[in-house]
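Below: the structure, in structure tokens.
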Amino acid sequence: RERVRAMFYHAYEHYLESAFPYDELRPLTCDGQDTWGSFSLTLIDALDTLLILGNASEFQRVVSVLQEGVDFDIDVNASVFETNIRVVGGLLSAHLLSRKAGVEVEAGWPCSGPLLRMAEEAARKLLPAFQTPTGMPYGTVNLLHGVNPGETPVTCTAGIGTFIVEFATLSHLTGDPVFEDVARKALKALWKNRSDIGLVGNHIDVITAKWVAQDAGIGAGVDSYFEYLVKGAILLQDKELMSMFLEYNKAIKNYTKFDDWYLWVQMYKGTVSMPVFQSLEAYWPGLQSLIGDVDNAMRTFLNYYTVWKQFGGLPEFYNIPQGYTVDKREGYPLRPELIESAMYLYRATRDPTLLELGRDAVESIEKISKVDCGFATIKDLRDHRLDNRMESFFLAETVKYLYLLFDPDNFIHNDGSDFDVVVTPYGECVLNAGGYIFNTEAHPIDPAALHCCRRRKEEQWEVEDLMREFYSRKKTKKFTLKRAPDHSEGENAKDPENASSEKAGEKRNSKKSSHSLLSCPSQSFNSKLAVLGQVFLDNT
């Protein structure tokens, strides 16, 4: 863990010294370059990693720097996908972690705040890309002028289906539904255009909905679409998104899986088109662990780990039958995906093999890619030639997942035993209790925050009633608790704005909800809630 911390600061300090305010560090020449839009991208991407490493003071300093220095009103053509996952995701995560980092937050946080306003401004710059007949976005947008007239309508699948985590979070925090609406419309358009055998291709025309590249797989160009169906389902407790993924998962197993490897196939016929493993596919075991498919996840992970051990990293493409790299795809740009899967699987299994991968990754990166000014992309794993680039995801993802693998007590791994209660204009809400959802750039989103900035629902009333009853009984030394509110069919809860304090303790009725695919076996809410060691049960 301490070696990982040292890696972070070697890269981070040289970025500040040699590359800031450019997007990225060029470690071989000790200077900087803009790559994704001139946002000081590495600083935004590294911000939440600082707090995960425990550096609250630098987090606070960087928040001030970003507020003063980042401007989205610029004449720059930006990737809609990359701006969302790196900039919008990074700012949202930092906004939600600000209070924990000791930043003085404004009244109304987390429903307001300067980083949230920056995230919203950046996201609004992306909205013109979604104005297509299908609802699927263009891949590039000009931040000042919108979509350029000659912009290509061909976008990769991941570039269409990787918005729901950030955009739904924005909608829930700001109260503006437009972000979640466009993200959902794009997801559903891809679902509607899947093939008869249940697969999606690699690139599609967002105007005509015709598939331009018909290779189906789990890797580059598709990957984070599947990831966001699962993570969006968990974040939003959305059965529809999860059922979509589970249907895709069946087709993926049926047509692309061979001996715990995943190949590329023709999306309409299921015939193999490329028998290759791409390094970007290494996120898949981690995703499998999120749906509880740990045994299959470990088998696939171990396949990928053999490739790592062969080369000291994962080449961009690996020919499975030949057992070697693919021409012109021999590089390793310090990607995080295999380490990400190791972190998830270690949380699930505590298998020491996963720690060995982490140790191997630290040693490979230090030995091969460390230079005086940071860590350089490995251009060719066969001879260890380097490239003059350090992508921002190295500090956002690779180092973060490595650190979390070796830091089991990190606040990110909180099991709910510790939490903060925050007062918002909409009532009290619980934050920092764990269950963080990482976006595809490893920016953690606290799912509880999505419930802080809207009218309180029946379940929140039930919590308040139980708390009130508990403390009133405690004062009179009577600890017998009243029965839970009756959940009778068809009755609606009261409007909180019309409910007077005298009536706050009255029984409130709510509609029954069917058992969620995403939860443990059905259990009434009040039997889960424990306060100061007291467990509330239906029977007195």
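Any Cβ shown, glycine's included, is placed from N, Cα and C.
Annotated features, as they stand in TrEMBL:
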- Glu82: active site, proton donor (ACT_SITE)
- Asp223: active site (ACT_SITE)
- Glu316: active site, proton donor (ACT_SITE)
- Glu337: active site (ACT_SITE)
- Thr440: Ca(2+) binding site (BINDING)
- 483-497: compositional bias 'Basic and acidic residues' (COMPBIAS)
- 481-521: region 'Disordered' (REGION)
Fewest-neighbour residue among active-site residues, criterion Cβ within 10 Å, set Glu82, Asp223: Glu82
Which of Glu316, Glu337, all active-site residues, has a Cβ with the fewest other Cβ atoms inside 10 Å: Glu316
Neighbourhood of the residue listed as 'Ca(2+) binding site' by C-beta distance under 8 A, where only residues 6 or more apart in the same chain count: Ile85, Gly89, Thr162, Val165, Asp223, Ser224, Glu227, Tyr228
Between Glu316 (active site, proton donor) and Glu82 (active site, proton donor), the C-alpha gap once rounded to whole angstrom: 19
Distance [Cα-Cα, Å, rounded] between Glu337 (active site) and Glu82 (active site, proton donor): 16
